[in-house]
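Asker: According to TrEMBL, the record shows the following:
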{"type": "ACT_SITE", "residues": "H75", "note": "active site, tele-AMP-histidine intermediate"}
{"type": "DOMAIN", "residues": "1-88", "note": "domain 'HIT'"}
{"type": "MOTIF", "residues": "73-77", "note": "motif 'Histidine triad motif'"}
Amino acid sequence: MAFLDIFPQSLGHVLVISKSSRARNILDVAPEALAQITKAVQKICIAVVDELCPDGVQVLQCNGTAAGQTVYHLHFHIIPRWTGKPPDQSGLDIKDPACLQSIHRRLRMRVAGMAEV
């Protein structure tokens with residue numbers, strides 16, 4: 001399952017989570033479940049790059065409090081990055097729901113039109 005982050009570090013910041021695994025982090029997940037979520041991460045990354053045209057994309061996954069994990073279930077961040085725009089570690093304050101809905105709709109359409117990766 002994938003959805004836009006409510007505290008995005010950049011426009012189009014997506015979270016990908018497993019619908020079936022209850023693992024706290026990558027250290028706890030079954031290899032089969034990890035393979036499934038990694039496949040979804042790749043597919044969403046491709047959709048983000050194709051639709052939003054960032055200069056790069058960051059895939060982030062934290063394991064444990066010391067590593068920055070604040071939500072204790074396995075999830076991946078897909079964060080588009082543009083040259084000249086520094087990462088915003090605090091999360092952007094995006095108050096325009098129409099903007100988020102537009103990005104959500106565009107990414108869903110992009111993913112729906114993709115062949116299996």
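Glycine is no exception: its Cβ is also placed from the backbone N, Cα and C atoms.
On this model, are these features tucked inside or out on the surface, and what's nearby?
Answerer: Non-local contacts of H75 (active site, tele-AMP-histidine intermediate) by the CB criterion (under 8 A, 6+ apart in sequence, same chain) comprise L15, V16, I17, S18, Q61.
Helix, strand and coil content of the domain 'HIT' (1-88), in residues and according to DSSP, is 25 helix, 19 strand, 44 coil.
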